[in-house]
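Copied over from TrEMBL:
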TRANSMEM  B:15-34  transmembrane segment
TRANSMEM  B:65-83  transmembrane segment
TRANSMEM  B:90-110  transmembrane segment
TRANSMEM  B:116-137  transmembrane segment
TRANSMEM  B:146-164  transmembrane segment
TRANSMEM  B:197-215  transmembrane segment
TRANSMEM  B:281-311  transmembrane segment
TRANSMEM  B:323-342  transmembrane segment
Amino acid sequence: MTDKTTAQDIVLRLNRITKRFGSLTANDGISFELRRGEVIALLGENGAGKTTLMNILFGHYTADEGTVEVFGQPLPPGEPGAALAAGVGMVHQHFTLADNMSVLDNILLGTEPLWKLGMGRGAARRKVSDLARDFGLVVDPDARIGSLSVGERQRVEILKALYRDARILILDEPTAVLTPQETDALFETLQKAVAQGLSIIFISHKLHEVMAISQRVLVLRHGKLVGEVATQATDRHKLAEMMVGAEITPPAPREARPGAVLMSLKAVSTAARGNQTGLRAVDLDLRAGQITGLAGVSGNGQGALADLLSGLEVPQSGEMHLAEGETARWTPRAAVAQGVGRIPEDRHKTGTIADFSLTENAVLESYTKPPIARRGWMNWREAEDQTRAIIEKYDVRCPGPEARIRLLSGGNMQKLILGRVFEAAPRIILANQPVRGLDIGAVTYVQEQLIAARDAGAAVLLISEDLDEVLALSDVIHVMSEGRLSPEFARGTKTPAELGVWMAGQGFDDAA
Amino acid sequence: MRLEPVANPGLARSLGYPAVALGLTVVVASLLALAAKADPFATLGLILKGAAGSKFALLETLNRATPLIFTGLAVAVAFRAKLWNIGAEAQFYAGALVAVLLGTGALGFLPGFLLIPAMAGAAMLAGALMLLGPVMLKVRLGVDEVVTTLLLNFIMLLFISMLLEGPLKDPMGMGWPKSEPLDRAARLGRIVDGLRLHWGFGLALISAAVVWIIQARTTLGYEIRAVGQNPQAARFAGIPVNLVLVKTALLSGGLAALAGWSEVAGLKGNLTLDISPGFGYTGIIVAMLALLHPGGVVISAIFVAGIFVGADSMSRAAGVPTYIADILLATALLFMVLAILLTRFRVVRG
């Protein structure tokens with residue numbers, strides 16, 4: 001404010017924003033400035049307060065203290081339209097598009113008054129194609145959203161923001177659903193936008209992307225702004241330390257000793273369910289003492305494969321063999337009985353029951369058999385003892401076995417699930433997005449446990465959207481695309497870019 | 001305005017709001033009494049006196065509470081699994097019908113100590129079957145059980161009406177649509193000689209205890225709660241969700257049918273079309289007020305029965321219409337639902 005010229009350059013100023021939820025302080029006196037033509041990265045673990053901060057900026061929450069200024073004008077708190085009108089556009093992690101409408105209609109929807117939708121379409125179409133050209137956002141304005149790929153949908157979201165004359169773009173974890181190639185294209189678009197004077201806030205926890213795209217990095221931890229550094233003056237390791245507040249050591253790779261095939265799929269296909277892609281003639285061998293990694297853009301059949309191993313899905317055609325022989329009916333209970341340990345993708349909705357205690361959650365898969373139950377009678381004392389043992393052994397931080405599990409952080413919830421799965425001594429382990437949303441400490445712990453299980457002779461199938469994670473942990477890698485499974489690649493034989501080609505659907509026998 | 005969840009509602013919060021809800025109910029009742037040009041304090045006093053002011057009044061209240069405990073338990077058991085059984089009324093009549101069919105001579109060869117359990121068992125079976133159809137439609141075809149169970153109530157009532165006008169009509173009934181009276185051996189005795197309270201009440205208390213034990217101590221109770229709270233996680237864990245829903249339905253239907261059987265065999269002695277003043281529907285209120293807890297069902301059933309009985313007696317004395325009982329219960333329920341919401345969430349502006 002003292003210097004006139006910089007004051008004009010500042011497009012967004014957050015001033016001592018504080019937001020409390022009960023005893024939790026989600027944002028604690030956060031201040032920063034965004035300048036014209038600048039990309040800043042907002043880095044932080046899940047629960048660090050990134051989303052809360054953005055919700056305050058967009059008027060979904062009212063800050064308890066502090067102010068937001070856009071282009072020098074204070075934003076009225078708690079008015080969701082104000083930020084949009086002031087030229088701030090947001091691209092959410094989960095898209096907000098209507099599947100059954102065209103690209104153009106989606107861009108106009110909520111932008112233009114309804115009565116104008118029919119009129120002025122020519123002008124709107126010109127504006128959209130101009131924007132698309134200027135920013136390298138290639139997409140057919142008449143295509144239905146439902147027929148677009150995830151990367152294309154994201155372009156529509158960005159176009160929508162630009163169409164509304166956004167001068168500040170906020171992207172929330174934009175690369176989570178993209179292939180490496182699509183990510184590169186996105187970064188080119190962002191660079192074009194910056195060249196035209198837009199300013200960008202890039203929210204992420206992927207360090208290499210932060211290093212690649214941003215000029216400045218803001219690090220949030222436990223609701224506080226703990227660091228603000230020029231990207232050039234830092235490196236991934238320092239950023240990670242700032243994010244966690246402690247030094248971290250990733251699990252060291254150890255040589256695997258693959259054993260017998262414990263589960264094999266031969267040309268297995270499954271039915272498509274709703275918007276979940278089914279499997280198409282998948283061949284897969286899971287070997288003892290080996291981590292098989294499954295890479296791919298989410299929604300390409302990983303869900304179907306996970307359901308199949310979990311017992312929720314049965315093959316429509318093809319054969320599924322377990323080392324122990326067949327079971328009459330393939331159900332979740334049969335899968336558990338056959339020694340398949342399942343770490344589900346969504347620990348909140350599938351893995352646990354929020355209002356159940358830790359004890360009740362810990363015995364979900366074992367409650368039918370002694371010692372937990374005899375002849376239909378629950379032995380809650382035994383269940384609680386077992387839960388205490390899991391809490392101890394897997395370092396679950398919680399008030400006690402009787403606490404409701406929804407009070408736990410994602411990491412501790414996942415540790416309880418790990419305990420539930422590993423204590424049953426599974427021979428095959430399905431780990432579906434086992435570290436998604438966990439903080440780095442918990443990530444390391446979970447990954448160590450998976451490697452330890454492998455070394456103890458389990459066959460592990462690791463499904464992850466995070467290619468880096470797959471590359472770091474897997475002894476062999478498959479790529480999934482549109483329900484098809486690539487051949488097996490041994491560790492280190494494929495670069496990320498080469499895997500990206502498979503992720504985009506090329507290289508398969510039936511590729512067009 | 002938005003609702004923010006409260007992580008750990010304290011004791012003050014958990015008890016404070018329900019207490020306020022009861023207080024507000026009393027205020028509304030007073031206003032209604034004023035509107036009927038009566039003294040509110042006297043009116044409330046009369047309701048209280050009519051419900052519990054004498055041994056006779058108290059036993060009358062407990063008698064009225066008996067079917068409500070059964071239907072309340074039936075609803076509470078089903079709602080725990082998020083199986084929305086709105087058909088306790090139909091299941092009630094199924095039990096009442098079985099009591100008449102078997103208690104008027106068909107099982108006359110059985111000795112008394114076998115006859116009554118046989119009737120109760122058959123009544124439970126009939127109620128269970130009554131809910132089996134809707135639950136099978138739900139798990140097989142996804143048909144909403146709210147609609148099917150609700151509509152079955154009317155079908156059942158018309159079916160009973162047809163029977164009472166036809167094959168079941170008492171030839172000695174002076175043309176009234178009522179059934180023959182039950183044999184003496186098929187009737188439930190009184191708990192205390194000379195007082196009207198019958199053994200149905202005792203059985204209702206035992207049923208509440210049994211449901212409590214099932215919920216807290218058995219794998220079935222654990223499964224029911226898991227299915228109700230998160231069917232997706234339950235299915236993933238290997239709980240046979242559909243089978244659990246069917247078992248829940250059988251239990252729920254059976255409990256509701258016991259209400260009908262106990263009213264016929266314990267209190268009325270025969271079947272009429274007005275034997276239930278909506279016990280099945282009031283069971284929903286009872287269960288909700290009890291937060292679906294079987295112990296709470298007993299308390300809330302006695303509370304609800306007390307309001308009905310008290311309002312009847314007050315109406316005779318003070319001339320305030322008995323409708324006040326219905327309004328009171330409806331207000332109590334609405335305030336209580338709101339209170340429960342407010343114990344778990346706080347209202348935040350903006």
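A Cβ is built for glycine as well, from the same backbone N, Cα and C atoms used for every other residue.
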Interface present between the transmembrane segment (B:323-342) and the transmembrane segment (B:15-34) (three or more C-beta pairs under 8 A)
yes
Does the transmembrane segment (B:197-215) make contact with the transmembrane segment (B:65-83) through 3 or more Cβ pairs under 8 Å, each pair 6 or more apart in sequence?
yes
Same-chain residues at least 6 beyond the ends of the transmembrane segment (B:146-164) whose Cβ lies under 8 Å from its Cβ atoms:
84-87, 89-90, 93-94, 96-97, 130-131, 133-134, 137-138, 177-179, 271-273, 280
Are the transmembrane segment (B:323-342) and the transmembrane segment (B:65-83) close enough that 3 or more Cβ pairs fall under 8 Å, when only pairs 6 or more apart in sequence count?
no
